[in-house]
Amino acid sequence: MRLILLGPPGAGKGTQAAHICEAFGIPQISTGDMLRAAVKAGTPLGQQAKKIMDEGGLVSDDIILGLIEERVAQADCANGFLFDGFPRTIAQADGLNDQGIRIDAVVEIQVPDEEIVDRMAGRRVHPGSGRVYHVTHNPPRQEGKDDVTGEDLVQREDDREETVRHRLGVYHEQTRPLVDYYSQWAQKGGADAPAYITVDGQRPVETVRDEILAALKAR
């Protein structure tokens, strides 16, 4: 099962990816992890990427696609894989096709922007333990204090409303077009066309998980 998971930041993709990978016995492939591993291993592509990153540049699609091609050829991908955070752009999706890497299904987790903002901007964290609360959905017993230690809770920079809205803006501009790209391809059909599965991500994690797994197993 070769899969792509789409959805805005905060939609719960990481949680669902773990469930999918466990159910199908496939690895979760993150471009960030892949880059770090290639740099650490000192591969030719890793050395190119390190030079660019050291200079503060963005690693090109050609290098990313080269790393993807190497990664999916490894033994643990024999039964498939799940791409996490890839492709991010139409150009990367086209590159994947050009390499002949076939995708069986694309799963889109749908969550409205305002729900994402509420989820993320309401998070509060205890720095010492990593315990996470939510001002509405999972509040601490005493406002702003950790239940166990009584120490102050903080809002992470990534969870501030302006940061969340900026990330959503980037998603809609760069990654959201992939929804049209893959859903239209699935509608047209053809031998290589992936299935396109949409799920409502506003429901409980277990409900979303069960619906995704049922849809994938029904293929």
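Even glycines carry a Cβ here, placed using N, Cα and C.
Now, the feature entries from Swiss-Prot:
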- Gly10, Ala11, Gly12, Lys13, Gly14, Thr15, Arg123, Val132, Tyr133, Arg203: ATP binding site (BINDING)
- Thr31, Arg36, Gly57, Leu58, Val59, Gly85, Phe86, Pro87, Arg88, Gln92, Arg156, Arg167: AMP binding site (BINDING)
- 140-150: compositional bias 'Basic and acidic residues' (COMPBIAS)
- 30-59: region 'NMP' (REGION)
- 122-159: region 'LID' (REGION)
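Everything Swiss-Prot records as a feature, shown here on the structure.
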residue: Gly10; record: ATP binding site; Cβ neighbours (10 Å): 24
residue: Gly12; record: ATP binding site; Cβ neighbours (10 Å): 20
residue: Gly14; record: ATP binding site; Cβ neighbours (10 Å): 13
residue: Thr31; record: AMP binding site; Cβ neighbours (10 Å): 19
residue: Gly57; record: AMP binding site; Cβ neighbours (10 Å): 10
residue: Phe86; record: AMP binding site; Cβ neighbours (10 Å): 20
residue: Arg88; record: AMP binding site; Cβ neighbours (10 Å): 16
residue: Arg123; record: ATP binding site; Cβ neighbours (10 Å): 20
residue: Tyr133; record: ATP binding site; Cβ neighbours (10 Å): 21
residue: Arg156; record: AMP binding site; Cβ neighbours (10 Å): 13
Pairwise CA distance, Arg156 (AMP binding site) versus Arg123 (ATP binding site), rounded so that it is a whole Å: 8
Which same-chain residues, if any, lie at least 6 apart from Val59 (AMP binding site) yet have Cβ under 8 Å of it: Leu35, Ala49, Ile52, Met53
Tally of DSSP helical, extended and coil residues in the region 'NMP' (30-59): 22 helix, 1 strand, 7 coil
Separation of alpha carbons, Arg88 (AMP binding site) and Gly10 (ATP binding site) (Å): 16
DSSP residue counts for the compositional bias 'Basic and acidic residues' (140-150), split into helix, strand and coil: 0 helix, 1 strand, 10 coil
Distance [Cα-Cα, Å, rounded] between Thr31 (AMP binding site) and Gly14 (ATP binding site): 14
Maximal Cα-Cα distance (Å) across residues annotated as binding ATP, namely Gly10, Ala11, Gly12, Lys13, Gly14, Thr15, Arg123, Val132, Tyr133, Arg203: 19
Pairwise Cα distance for Gly14 (ATP binding site)/Phe86 (AMP binding site) [Å, integer]: 13
Residue from Gly12, Arg123, Tyr133 whose C-alpha is spatially nearest that of Arg88 (AMP binding site), among the binding-site residues: Gly12
Length of the line joining the Cα atoms of Arg123 (ATP binding site) and Phe86 (AMP binding site), in Å: 26
Maximal Cα-Cα distance (Å) across residues annotated as binding AMP, namely Thr31, Arg36, Gly57, Leu58, Val59, Gly85, Phe86, Pro87, Arg88, Gln92, Arg156, Arg167: 31
